[in-house]
Amino acid sequence: MYVPPLPGGAGGRDDAPAVEQPRVYQVWRGSNEFFLQGRFIFGPDVRSVFLTMFLIIAPVVAFCVFVGRHLMNDFPDSWGISVMVVVVVFTVYDLTLLLCTSGRDPGIIPRNTHPPEPESIDGINDSGSQTPQQFRLPRTKEVIVNGISVRVKYCDTCMLYRPPRCSHCSICNNCVERFDHHCPWVGQCIGLRNYRFFYMFVFSTTLLCLYVFGFCWVYVIKIRDAEHLSIWKALAKTPASIVLIIYCFLCVWFVGGLSVFHLYLMSTNQTTYENFRYRYDRRDNPYNRGILNNFLEIFCTAIPPSKNNFRARVTVEQGLQQTRSQSRGFMSPNMGKPIGDLEMGRKPVPWDEPRTAADIRDLEAGLGGMFEEKEGRIAHASPDLSRDELPVEFVEGRTGIHSRQSSWVRTGREEIDAMAVQWAAERAKATAGGNSVAQNGTH
C-alpha cells in the first residue's frame, strides 16, 4: 500500500528534498497491466493478445505467399495487386481494432477510499449516541431506470454501490460500467468504453476469414480450369489452400457465430452478462429503446471519457485517505453472510467456515501465553521492563484487561478440570461394576 511522505520530506524536516509522488497506475489496486507509463491498460491475461495476433497474422502471411502471389498475374489491368493490398490493409485494420479493444479503459469505476454514508441507522442508544456496530450498509438499493425499478448491489471491494448494468470482474478486480463479459482472447473486460471496438473487431475478423476462404477457392478453380483437372486434383496441387480453407471454415463458425449473437444483443440492448443472468425474455428490459435507437446508442453516441487518469500524480490527500482505516465503524452488508462474487459464478464460501478452527487455536494460544497471571506481572514482558518503569496509566489500563482475560481463562480451565474429574469418576464406577459382575459369575 502506498504511504504518503510526511510534510516537509521523509523525516518531517523543511530542508529535506520533496519526494516525488507516484502515478496512479503505479499504485493501482486492480489486477491490470500497464504499458508505456500508463498509456495502455490491459487485463492480467494480456499474453493472450499475442496468441490472438498470431492466429490472425499467420494465415494472412500464408495466403499472401502461397495464394495471393499467384493470383496477381491472373487478373487483367493489375487487379491482381488489389487482392494483396486489400488483405494487408484489412489485416492492419483488424489488429488496430484489437488494440483499441484490449488496450483502453473499458469503463472502470474508481474505488472509494471509504464506505458511503448509510442512509438509515438500525438503532440509537437511549442517550442518543451511536455505536459503530449500528452502522450497517444495506446490501442492495432500488433505483428507477426508465420507469422500471432496478436493484443495484454494494461492492465490498470497491466500497460503492454499483451503477445499473455495472458488475465487478473477478479477473481484473474492478467494477466496470455496462459490463458485458471478460474476453480471454483480447485479455480485457468488455464494457461501456470498448464494446463498440470489440464488436467491430469480431465482425471484421469474420469478414477477413470469408475473404481468405473465398480467394482460396478462386485459386483452386483457376488451377482446375487452366490444367483441366477435377476439383480434387486441383486441391492436391495447392496444399496451402486446403489448410487455409479448413482453418477459415472453423474460424468463421466461431467469430461468425459470435458476431450474430452480439448482433442480437445489440438489437435488444442487452449485455452478455444480462442475457445469461437476468433473462429479459421473462420480464421487461428497462434499457430497450427499439432496434434503431439501440444500434444508434452503440455506434453513434460519443464514448464517455475515462473516469481514471492513470498518469496523474497521487496527491498527498489521496495517500492519507488510503492509510486511514477504511471501516469507519461501518459494517459490511455481507458481514456474517457467504462471501463470493455471485455475479461471476463463483461458489460462495461461508465467512466463518474456513477460519473457525484456526481462530480458536490462535485464541487459545494467545490467551494462554499473553494473559497468564504470574506474580502480578505482565506475561512475555522484556526483562528490562518492569511495572515500576511503565507509565501509571498504561499499567492500570493493562491490569484491568489482564485481570478480566486471566479470570476468563481461569474459569474455562476450572470447567475443563471439573469435566475431567466427572468423566474419571464415571469410568471408575463402570469399571467397579464390571468387576463385581465377574466375581459373582465365578462364585
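Placement of Cβ uses the backbone N, Cα and C atoms for every residue, glycine included.
According to TrEMBL, the features are:
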| type | residues | note |
| --- | --- | --- |
| TRANSMEM | 49-72 | transmembrane segment |
| TRANSMEM | 78-101 | transmembrane segment |
| REGION | 109-134 | region 'Disordered' |
| DOMAIN | 152-277 | domain 'Palmitoyltransferase DHHC' |
| TRANSMEM | 197-220 | transmembrane segment |
| TRANSMEM | 240-265 | transmembrane segment |
| REGION | 323-346 | region 'Disordered' |
- Note on the structure: Tertiary contacts of the transmembrane segment (197-220), defined by C-beta under 8 angstroms and 6+ residue spacing from its ends, are 56, 59-60, 63, 67-68, 70-71, 83, 86-87, 90-91, 93-94, 97-98, 100-101, 104, 180, 183, 186, 190, 231, 234-235, 238, 241, 244-245, 248-249, 251-252, 255-256, 258-259, 262, 266, 298
- So, by DSSP, how many helix, strand and coil residues make up the domain 'Palmitoyltransferase DHHC' (152-277)? 76 helix, 18 strand, 32 coil
- So which residues does the transmembrane segment (49-72) touch in its own chain, when a touch means Cβ under 8 Å and the partner is 6 or more beyond its ends? 42, 80-81, 83-84, 87-88, 91, 94-95, 98, 102, 185-187, 205, 208, 212, 215-216, 218-219, 222, 238, 240-241, 243-244, 247-248, 251
- Averaged pLDDT score, the domain 'Palmitoyltransferase DHHC' (152-277): 94
- Can you name the far-off residues of the same chain, 6+ from the ends of the transmembrane segment (78-101), with a Cβ under 8 Å from a Cβ of it? 49, 52-53, 56-57, 60, 63-64, 68-69, 71-72, 183, 186, 188, 190, 194, 197-198, 200-201, 204-205, 207-208, 211-212, 215
